[in-house]
Amino acid sequence: RRRPRSASSCGSRAVAAMAPRGEAALLLLLLVLPPASGGLSGYFGTKSRYEEVNPHLVRDPLSLGPGAGGSLPAACAPLQLRAVLRHGTRYPTAGQVRRLGELHSRLLRRPAGAASCPAAAALAAWPMWYEESLDGRLAPQGRRDMEQLARRMAARFPALFAARRRLALASSSKHRCLQSGAAFRRGLGPTLDFGGDEVEVEVNDSLMRFFDHCAKFVALVEENDAAMCQVNAFKEGPEMKKVLEKVASALCLPVEELNADLVQVAFLTCSYELAIKNVTSPWCSLFSEEDAKVLEYLNDLKQYWKRGYGYDINSRSSCILFQDIFQHLDKAVEESKSSKPISSPLIVQVGHAETLQPLLALMGYFKDSEPLLANNYARQTQRKFRSGRIVPYAANLVFVLYHCEHANSSSEEYQVQLLLNEKLLSFHHSNETISTYADLRDYYKDILENCHFKEECELPKVNVTAVDEL
């Protein structure tokens, strides 16, 4: 691995635990905390609850929300649904648990005679219940996320989810994804017979974890610290420095004892407690809404440079999944034209934020006119690229192919809709929420015909620097 660069050398080339007093303090802190994690919940990035993008689900987890009727002509019948899902709410990874343990231990080690510090005493009294063995596993809330999503999807597309329709269910090899797939199937209930009592969840890492199989991405982005230049520079920048100083002061710790990663794990603990337990954690008290915006930007910078528009290979590596989606849509159109039954009416695949984000970038969604950089935080307050809005837990991208009777022409006979997190997405080529299949295929013709995963992902033979190549 390359050594990380200092923030100043981020060149332009990179842009193409528990005393009784502590328990009392904890109680006091919880009493004064406002609900919904102090207004921070909109800024948790990829650790956001699905309810942040669909607030109506807080009241009714099975509500289809406003405008659920859709905008399709009555004569259109759905032929095929292809859904790419992110797993449901998960526990922190082992690395995050380690960092939180390190921060919590520092608070526990504060000398008994040290100056009164309510926030530090309260957080020292907080029971550290996370264990490394949880390592990103699906939380009980994550199973509910998936079961409820399945029930809403079946309510939205009853004809496709009818009995005796075949369901093809695939997942990445990660435990949280396999469990999410099983929970999705359970959500559809025992009344639906998908051609067998038990639908097997097929492991398909080549599609759901394409990024692991792309040598160029792994070498030049995933394992190359220089590629995260903008992220590292922002960690050392004025906005993060201000948050760091404020948290250090609240915890009565020397600022040198903290760094951006420890502050971020404190913030993420606030997010985990809300998502997993639906409680406002005392860790939330360390942050204002302004701090949350800064920490959201740090998360988004990482997503942008590692999974989004930062480097072409991030999105190009997802073309293997994009092309597979269209191959199945093509097949459904062919079968329909030949009056054959649709062999794969329901295809549901469970992956990761890292599966969905590059795919959406490949399709051109949520692209800002200016790249996200360490030094343009103030100019990016209205940015489109906000990972919490795009890929929260249980995020889902759904392609629905329709056959329309009485179409004016043969090209209008097959139409498509795209839903992200159960809301219709407008197509780039038309700004409409419905497109003929022919027009959609034509718009993405170059990717469908000219993006070859093996060639895209080959490491360059010549000895150029990683950043130049990117």
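Cβ atoms here come from the backbone N, Cα and C positions, even for glycine.
Those TrEMBL annotations? Automatic predictions, nothing curated.
Among the features that TrEMBL reports, disulfide bond is placed at Cys76-Cys404 (among others). Residue environment of Cys404 (disulfide bond) contains 18 other Cβ atoms, counted within 10 Å of its Cβ in all protein chains.
Look at TrEMBL and you will find Cys270-Cys284 (among others) tagged as disulfide bond.
Annotation source TrEMBL lists signal peptide at 1-38.
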Could you list the residues of the same chain, at least six apart in sequence, whose Cβ is under 8 A from the Cβ of Cys76 (disulfide bond)?
-> Tyr402, His403, Cys404, Glu405, Gln415
The number of other Cβ atoms within 10 Å of the Cβ of Cys284 (disulfide bond), counted over all protein chains shown, is 26
